[in-house]
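K.L.:
Dumping the structure here so I can ask a few things about it.
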Amino acid sequence: MVSIEHVAHKILSYIPYVLVLIDMRYEGVKCGKDGSVDNHMEMGKKLLAAGQLADALSHFHAAVDGDPKNYIAYYRRATVFLAMGKSKSALPDLSRVIELKPDFTSARLQRGNLLLKQGKLDEAESDFKKVLKSNPSDKEEKEATSQLAKSDELQRLVAEARRSYGSKDYMTAAAQLEAIIETCVWDVTSREMRAECFIQMGEMGKAISDLKALSKLKNDNTQAFYKLSTIYYNLGDHEMSLNEVRECLKLDPDHKQCFSHYKQVKKLNKQIQSAEELIREQRFEEAVSKYEAVMKTEPNVPQFSALAKERICHALSQAQQGGRAVSACSEVLQSDPENVNALKDRAEAYVQDEQYEEAIKDYETAAKHSENDHEIKEGLEKAQRLLKQSQRRDYYKILGVKRTAQKKEIIRAYRKLAQQWHPDNFQDPEEKKKAEKKFIDIAQAKEVLTDPEMRTKFDHGEDPMDPESQQGHHHPFHGGFHGFQGFNPFGSGPFNFKFSYN
């Protein structure tokens, strides 16, 4: 429970802040009444000290409007702009201060620092030299001397970086530009050059980072947005490419490069979105056709071809087109052997084609690259069960039908085989014995595959007719024909029963 003393202490600790606010409120009323520049300056100063930057800025705006030649008002406003991170707005105010009072070393030193960050080295050096000639304080002299030396070193680095870039030594140039940008963080020219170095080096992630910074550092930077869009496009990211080219067209709707690129990206993006919608709707053949159109729309960017082939592999696997899916997925894996999605889809296609050992290999390879994927775990377990099952009895093979066969097709196959292998058709004792076994297998296969529940169990690797997996459960063929419909059609003596093909 909170003590009374603790609460009282808390309340008392806030009293000074309350008094400051009351004082500000009172002074604000005074300012409102006479609107004097001095009152605005005083209020702005208090608000700045309190960290209320937006309110302080309003008062310094009013002070500047009230007295356009008050260099302190400009200086205070520049201070607020810098505190708000608005260096571009601070720079004109500092220049105005120096224009009104050339010997104001603090303003000139601050402007020199801003110019240095912008990479305007000659202008920055000029400011630092003038500070040193204007009887600065010890602190100002020390800072100006240090910054002047830094500017000289940066001038040398800039010259070296340009030589490296000109000779196409992009790695060296990038390292030199890195050292420049550490100090000249707002230097547009150096960032543009470094972005181009990264592009030439294939370091697209780093190029994107620089170009995004440039799109903010330089107003109406359509070229940065265009380059960003083309990089994303060549990386196969059609959505980000579309976003960036739209930003370019917002700035300049008539930009020829951006408009031409926009039409291409928009068409490709629409085709891909349409194909994915078809997959969600399980219209797999149409999705395959749509992704084939994607490869025709953009045949020169490998990433889009790879995406299209991977999704075709998936669509065919989902469509139960085992053979075609295996072929399509294998093409993907030839160029990208660790593609987990293609490995999973090909494994499923192998299962459809009853190539269980191949399916197991693909699932195991996929598991190495995606350990926590539950689909891989479930698929692997299923393939292993089916492999084990196939080494015993496969009711689909017994009837000669595919795993996707409908009930009518199963019954038709059963009737044909039952007629063919009916034991009455055989006279030789050995052949008759073989026929009996075959006939029982055919009847069991029909029983399992026409019963939805039993077929589902079998499809998941469980044999409903296997006594070991059905312990405690009665099934109609347990013990051969002795349990079939309550009688043994192959009892001693000739086969004198009439078999009904239902």
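Every residue, even glycine, has its Cβ placed from backbone N, Cα and C.
Okay, so TrEMBL annotates it like this:
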DOMAIN    394-462  domain 'J'
REGION    458-481  region 'Disordered'
REPEAT    37-70  repeat 'TPR'
REPEAT    71-104  repeat 'TPR'
REPEAT    105-138  repeat 'TPR'
REPEAT    222-255  repeat 'TPR'
REPEAT    340-373  repeat 'TPR'
K.L.:
Along the repeat 'TPR' (340-373), what average pLDDT does this model show?
P.N.:
93
K.L.:
Going by DSSP assignments with H, G and I as helix and E and B as strand, what are the residue counts for the repeat 'TPR' (37-70)?
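P.N.:
For that range the per-state counts are 27 helix, 0 strand, 7 coil.
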K.L.:
Could you give me the DSSP helix, strand and coil counts for the repeat 'TPR' (222-255)?
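P.N.:
Across the repeat 'TPR' (222-255), DSSP assigns the residues as follows: 27 helix, 0 strand, 7 coil.
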K.L.:
Could you put numbers on the helix, strand and coil content of the repeat 'TPR' (105-138), residue by residue per DSSP?
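P.N.:
Across the repeat 'TPR' (105-138), the residues distribute as 26 helix, 0 strand, 8 coil.
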